[in-house]
Amino acid sequence: MDRTKWPAISGFVIGTYILCRSIPGTFAFDKPLHTSVTVLATCAAALLLLGRILPREVDAAQSDQRYDAVPLEDVGVERSSREPSPVREDVRYPSSLRKLRILFLVLVIATCARVATLKEIVENPQCAALTWEPLIPLALAIGDYWTIQRHSKRMNAEDYENNVYDDIQGAFVSSRYRYVVTAGVLSLSSLLALAKARSVGSTSICAATLPHTWMTPASQHFGTFFDLIIMYCVGQLLQHYEARGQRSVALRFVSIGWAALFSAAAMLGVLGTTYLLAGPPDRRRLVGMSSLYVWGLFRFDLLASFTATCTLFTVGLVDIKYRTHLLTSGVQIYHIGIMSASMIAAFVSTATLTTSFAWNNAHPFPPTSTGLGLFAIILASISFTVYFHVDSSDRSHTSKTLRTVPTWLYLILAVILIVHTSLWASHSSTVSYHPIDLLIYDAARHHEAYLNQSSTSTTLEEAVANYEVRYNRPPPPAFNHWYKYATARNSVIIDDFDSIHRDLLPFWSVPPEIIRERTYQLISNPWHDVAGVSIRGGKADVSPNVVPTHRWMVDGLVEMIGHFAEFLPDIDLAFNLNDECRVAVPFEDIEPMRKDAAHPRIVEGEAVQNRFSEGRAEQWNTVSEEPSQERVLREMSWQKTFYEFGSIGCPPKSPARKDRTWNTGELCTTCTNPHSLGAFLANWTLAGNICHQPDLANLHGVYLSPAAFKASHELYPIFSQSKTHGFNDILYPSAWNYLDKARYEPSETYPDREWREKNNTLFWRGATSEGVSQGFGSWKGMARQRFVHMTTHHPGDLNTSSSSSSSSTPPQPLLLPLPNQHSRSPPSTKHPEADGVVHSPLLHYTLLPSSHLTSLLPTDLQIVETIARCGGRDCDDQAAEFSPLASPSDFQHHWHYRFLLDLDGAGFSGRFLPFLHSRSLPLKAGVFREWWDDRVTAWAHFVPVDVRGQGLWGTLGYFAGVRGSLGSAEKEEVGEGKGGKKGEFWIDVPPHEVEGEEIAERGRRWAGQVLRKEDMEIYFFRLLLEWGRLTDDGRDGIGFSS
């Protein structure tokens, strides 16, 4: 069996590496119980199959030699002048059928308990602490010392050569503490390395009012304990002797296979019982499995089963032919197999995770101590090498995992250390300028460029020419009427309507008759929650069967269309009555449609007809008063939608399509890096692209559990007020804004004062309307609840300065200057505690608990009156967590504050345009985009915030200033400085009031130019002209020509 050693060890190492790389993005943890049952069953099948392949008879030589006595030197007897001769004697081995049964039963129970702890951890990762798994090798080494090494005799120095190096080496190799020391150094250094390779804690809610704050960390620690029990039982079953002699190789693997099978059966019984006792929603969750989960489970199952089988071979077969030299029946396997396997697993896992983290986070954000991380990796590498050097030199074991430490192992370790050293050398923990300064400057340049290309036309002829260059086709008929309408209303934007072009482009690949038929299908059945507007003879009317609760919305659209309906052809329009978007065509289908539609449809030189086709009214089906029963949309309300509809528009190999970020406990920096500059959102447009952001599946209500979601994968012509990336709805100006449902109307009671007279506080009021939390805890990931939670002080946040804490709210980053204690500048007069403290121009990200952040930066974010859109225990849980709820206030009360936070609801937020019109500074976080998105520039007209919230405190600190004291723990994070009270550190960072006021005023002026009601009409007019051409049978031959 020795020939299986290296293939088994290689498979074990490779499997461990791939598991560490694939687990963070696997779909298999969507259903941890189902996955555990499948993996256990597969392992059982593999081991039982191996039991039929492996030899069932014990080697005769081994059988004859199983009664060899133990050499005297191994039991502490003084060494004689020569080696003692083996003496045959009868030995009563402690093994028995009863002990085997006990081990088997304990293994099954421990496995089931481990699955239970795994379920708690996977379902509440935001409450998890730093794992104790790296301590397993140390625990095994201590057990080895207590049961074996302390009873053995230390070898004499005469066994080695007489030079100093050999004496030191010999003394350590023969020491009883050799394995405790090496395993201890590896375990502790791995623990330190993993602690320094943790990202910033996410804003997903670990509710202080729920038991998960202590249950999840406890499950982690109990899980480590159960892992130790499982490893011990497996080791004992693999090498156990029966009373009549050594067990065969096959029986060892079969016994473990049956244990895995019994564990799988027990967990399957738990699932079955849960199903029988559950209600309909829970039953659907138990049996519902997406294709992504099934495929992810298949891959994870194969990988985990392969790694587990290789591990058992590594533990159980590496030294079978040398069992005649065992000290006792368990020493050799326990030491060489289990401990070596744990050392390999600990080192490979640590090296993989830390290298991946360092590679992906080579910037000052997230803040991490790369020096300590490098030191920990160096210690781990040294201890790992020394362990196997000791193992190969240990004379008490005739067989070793390694006869000698091979050169290739040194080469691999050298490569790891070189990579980490290079990353450490290139990493900087400080920045020399504030990122927001750069973002404001870049936004001003971007807006200037936008202005220069969006309004170049000064005549109709120039507008036509610019249109043809931009969109590769002539303008639609009646374009001259649109141009006259726009210029008469002083429209700043004449040429840039790219959002209309993007929305309508794929429809050029759909025949007009299909578009008309699909429009009829949508508006003829009220179940679709789609309202119809019919334009006939220059007049707009509402189609029958409109839901009464949304009649105001359709009437507002008819009012808007009425200003220019006389120039429109006869068309029917389907308007989405719900907040959520509807149409998501898979990337594999929509991309060819876009490419096909991008080709010009009119042959150069051919004349185009400057009118719509005749008889268009007869081409549209009449909507009758009797509702149709045909349903063409799919009901997905109250269900997860990210992978079924959200990311379906992304390329197949994009992270949003192939990865599942189930660990909501840490910020996904690979998801934020493409659109961020440090902790701050740098590219608002790219931030709306979800294709590189698989973590958004757990961070917004529209993806977690939308309230009303009836959608399709076919290209249906639905007009919506807003949409997220990947959806193909056609955007139009919202009737909510057009009818001033949320109005900017300051008064004497609620004046909109000058910037410097406003309250220096971030303000938000709203309801939990983002999505429905029906009893499964979905609210913990919804943006509105997360932002309120992260800006609210919780008792569990006290004295918290590390992201490894299991507190209610993990520490969040704040960009602060490094203090310069030794500066000779004159003392500050701002605060007596600040005397002598001069801040360095260098900035450093510091992690601070919410207790400090809420005292340094004033915020007032609260949920109003009652918890909405909830069910089951989620209503009471939210009410307790966010208590006390705020009383309703007048909308005009917003103007009292400098900073106004705008968050998505079930769809777009209707408050943002009034916020822009005010003198306050809007901060916006969300995934929904609206018709005006191209014409408003982030950092020039408003302040963008990532929907994850990691940059909220840093952004607010920049504009509002940071003034106060930090605790001693945070002082170490920032650096040394002079403090006032003992253990405190005073910091005084002035606010950037000029920059904040400029953005607020620039946004106010720009909104008054391009976001007026007239601008909504101009946009809608042009959109419907384009749509009128798209639905015309002669669309390839019609257009406007000057």
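Keep in mind that glycine also has a Cβ here, set from the backbone N, Cα and C atoms.
Any TrEMBL annotation is an automated prediction that lacks curation.
Summarising the annotation, TrEMBL assigns transmembrane segment to 7-27, 33-54, 250-277, 297-320, 332-359, 371-388, 408-425. Positions annotated as domain 'Glycosyl transferase CAP10' by TrEMBL: 692-1027. The annotation region 'Disordered' is assigned in TrEMBL to 792-836. Marked as compositional bias 'Low complexity' by TrEMBL: 798-809.
Within the model, the domain 'Glycosyl transferase CAP10' (692-1027) shows a mean pLDDT value of 87, rounded to a whole number. Long-range contacts of the transmembrane segment (332-359) within its own chain (CB-CB distance under 8 A, at least 6 residues past either end) are made by residues 9, 12-13, 16-17, 20-21, 133-134, 136-137, 140-141, 144, 148, 179, 182-183, 186-187, 190, 193-194, 196-199, 231-232, 234-235, 238-239, 311, 314-316, 318-319, 322-323, 325-326, 370, 373, 376-377, 380-381, 384, 387-388, 391, 397, 399-401, 416, 419-420, 423-424, 427. Listed as Cβ neighbours of the transmembrane segment (7-27) (distance under 8 Å, sequence separation of 6 or more from its ends, same chain) are residues 290, 292-293, 295-297, 299-300, 303-304, 306-307, 309-311, 313-314, 317-318, 341, 344-345, 348-349, 352-353, 356, 401, 655, 658-663, 694.
Residues 33-34, 36-38, 40-41, 43-48, 50-56, 100, 104, 107-108, 111-112, 115, 233-234, 237-240, 283, 286-287, 312, 316 of the same chain lie 6 or more positions beyond the ends of the transmembrane segment (250-277) yet place their CB under 8 Å from a CB of it.
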